[in-house]
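Enquirer: Dropping the structure in here first, questions after.
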Amino acid sequence: MQNIVDSIYQEMRSRTDRGKVANYIPQLACVDPNQFALTVVTPEGKVYSAGCADTLFSIQSISKVFTLTMALGKLGDALWARVGREPSGDPFNSIVQLEHESGIPRNPFINAGAIAIADAIMGHNEPKESLAEILHFVRFVANDESISIDEKVAQSEMMTGSRNASLAHFMASFERLENPVEKVLGTYFHHCSISMTTEQLAKAGLFLVSNGTNQSTGSRVVPEHRARRINSLMLMCGHYDGSGEFAYRVGLPGKSGVGGGILAIAPGKASIAVWSPGLDKIGNSKLGTEALEMLVHETGWSIFGH
Ligand code: GLU
């Protein structure tokens, strides 16, 4: 496995077309695009890494996997009255469907859906309390107490987040949010601003590899059926309007973020985190996707067969 990971890293190092770093969040625009990291963790916790696997990056929308998991834990199936579970086929920050669908977002991973999830997690708590809870959960699944939020990224998103604010106000106009828009956005922007390394992120995904249990720590995180369903949502909706393309090329449940990270789950086999800040036109890591394509080719891990 280490040879495979190393050879993917060598191949990616030589690539010149690395995509474009997200620039709508100023703090992300200044990240060096020439970075790459890949980590594969087996169910027992064996780690294979290459590149800058201990460099922190902004996990952005990958945090939505963890907030969805928490919201399902709190609300169970009642959550599905507030957000759907169909692929959107629209960009991550699109407002178009929301009007047709009366303020109920298509799925938990598009921005509107993740804002609805943040609202659901909050209950009647303040953003500070909810964020403490989210961080606690992420640290628990990653088995790493050092994980934290990059306040500079959060502030940067807040200052430029008009689109997300529009989505939230639009949902509020349909009376779909229980908390004030500003508080929900504060929670949302901050959880998107969690920083992790590929090693921490791959470890955090382990519970989705082994039917809800992190085998390396022995902790059950979610029941079996829930892990299966989270994986299915990642497969269908984890890459926005590039989800079909990702399923076609990689064939694994995955969630991307505009920071250039991707968490991919090979059920029963491994949790994989890859990071390269340059994005394709849709907003998914360009080299990250290519690296996963290579990994699946080498390992035969696609859920659709060799
Ligand atoms: N915080 C980002 C936003 O709301 C998340 C987008 C992403 O990672 O896809 O725009």
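Any Cβ shown, glycine's included, is placed from N, Cα and C.
Pasting the relevant annotations from TrEMBL:
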type: BINDING; residues: SER61, ASN111, GLU157, ASN164, TYR188, TYR240, VAL258; note: substrate binding site
Enquirer: Around ASN164 (substrate binding site), which residues of its chain at least 6 apart sit with Cβ under 8 Å of its Cβ?
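Expert: Same-chain residues close to ASN164 (substrate binding site) (Cβ under 8 Å, separated by 6 or more) are ASN93, ASN111, ILE115, GLU157, LEU185, TYR188, PHE189.
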Enquirer: Reduce the DSSP letter at VAL258 (substrate binding site) to three states and note it down.
Expert: coil
Enquirer: Cβ under 6 Å from ligand 1: which of the binding-site residues ASN111, ASN164, TYR240, VAL258 qualify?
Expert: ASN111, ASN164, VAL258
Enquirer: Among SER61, ASN111, GLU157, ASN164, TYR188, TYR240, VAL258, the annotated substrate contacts, find the widest CA pair distance and round it to a whole Å.
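Expert: Taking every pair of listed residues, the largest Cα separation comes to 20 Å.
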Enquirer: Validating a neighbour-count step here. Other CB atoms within 10 A of the CB of TYR188 (substrate binding site): how many?
Expert: 31
